[in-house]
């Protein structure tokens with residue numbers, strides 16, 4: 001059983017650390033009006049392609065961007081970010097297909113922030129804009145007047161994305177926050193010297209993914225595994241007289257280690273939140289804050305722990321057990337919420353379920369042993385009443 005638990009844990013860690021990338025060739029891409037572009041990039045995420053040409057004389061960038069939406073009826077977007085390398089601040093061209101008419105259309109978004117996705121005029125000129133749909137793939141055609149300050153660098157920050165749909169009022173629905181979506185950024189060389197080379201998400205996207213994975217690992221280990229193990233130690237080892245006071249020190253060591261690791265994971269989560277304006281996972285965040293508050297309260301409560309014979313010990317035990325079991329339940333719930341956000345392969349979510357199932361099986365076995373031991377002890381005490389002398 002122990003080896004099975006170790007195997008499950010290793011699968012979880014591997015899941016959160018591995019992030020596959022996909023690179024494709026763009027040689028098969030053709031266009032209905034026989035347009036030709038001298039440069040092509042098979043972008044590394046979201047199965048996207050960018051064909052382009054750049055006229056240095058009038059600083060005009062002509063693009064043909066194609067990608068499959070995340071769901072039928074969804075949208076695709078390609079953008080230039082004049083000031084940063086993320087989505088916030090991007091000047092985006094968005095294509096979607098009308099569900100009633102079946103006609104693909106284009107709109108533009110000046111994305112001031114993640115919470116502001118209202119159609120509007122871009123900060124630079126865009127013309128000859130159109131969209132088409134072929135075999136489930138949307139395409140955007142456009143010409144862009146590249147800002148003068150970007151021309152000097154010879155490169156622009158490009159961002160691309162796909163989403164599930166468009167609401168009746170014309171607002172695009174939020175895209176997923178999986179690894180490919182967060183890594184859909186890169187630098188576009190206007191000269192085309194990188195033609196044929198896949199563009200990657202770059203340091204910012206990879207750094208964010210790395211932090212998310214560290215956050216997930218720390219919290220899965222602390223709230224999702226160590227805290228339950230510490231609770232099992234406290235509940236079931238204490239019935240054996242020979243284990244006193246060893247069980248107490250094991251319990252405290254396990255819970256304190258879980259607390260330290262959990263605080264590190266919580267702090268990593270706060271850092272991620274501050275770097276991801278507009279990206280909110282409210283329930284996951286709120287449960288995390290509640291866990292930190294309750295666990296901190298538990299740590300300080302240990303300093304106020306009354307003696308066993310103190311009249312307040314009974315009430316302290318009620319508090320300690322109540323808060324402890326609340327941490328246990330909320331911690332496991334939040335690990336599953338975190339897994340759904342990170343969205344690793346299903347194998348790894350299954351691995352964590354296996355860990356919890358294993359701990360649950362151990363708990364049931366020890367619960368049975370505890371009741372048998374306690375009942376035998378009570379029976380022995382009733383058969384051997386104390387000597388009144």
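Any Cβ shown, glycine's included, is placed from N, Cα and C.
Bear in mind that TrEMBL entries carry predicted annotations, made automatically and left uncurated.
Marked as signal peptide by TrEMBL: 1-23.
For 46-163, the entry in TrEMBL reads domain 'DOMON'.
Look at TrEMBL and you will find 179-375 tagged as domain 'Cytochrome b561'.
According to TrEMBL, the feature heme b binding site maps to 215, 251, 284, 320. The Cβ of residue 251 (heme b binding site) lies under 8 Å from the Cβ of 230, 233, 234, 237, each on the same chain and at least six residues away in sequence.
According to TrEMBL, the transmembrane segment annotation covers 216-234 (among others).
Taken from TrEMBL, the feature transmembrane segment covers 246-267 (among others).
Residues or ranges marked as transmembrane segment by TrEMBL: 287-304 (among others). Beyond its flanks by at least six residues, the transmembrane segment (287-304) meets 219, 223, 252, 255-256, 259, 262-263, 266, 269, 316, 319-320, 323-324, 326-327, 330-331, 333-334, 337 of its own chain at Cβ-Cβ distances under 8 Å.
Distant neighbours of the transmembrane segment (316-336): 219-220, 222-224, 227-228, 231, 284, 287-288, 290-291, 294-295, 297-298, 301, 304-306, 349, 352, 356; these residues of the same chain sit at least 6 beyond its ends, with a Cβ under 8 Å from one of its Cβ atoms. The transmembrane segment annotation in TrEMBL covers 316-336 (among others).
Feature annotation from TrEMBL assigns transmembrane segment to 351-374 (among others).
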**Report entry** Residues near residue 320 (heme b binding site) in space but at least six apart in sequence (CB under 8 A)
**Finding:** 298, 301, 305
Requested in this report: Please spell out the DSSP helix, strand and coil residue counts for the domain 'DOMON' (46-163).
Outcome: 4 helix, 66 strand, 48 coil
**Report entry** Sparsest-packed of the listed binding-site residues (215, 284) - C-beta count within 10 angstroms
**Finding:** 284
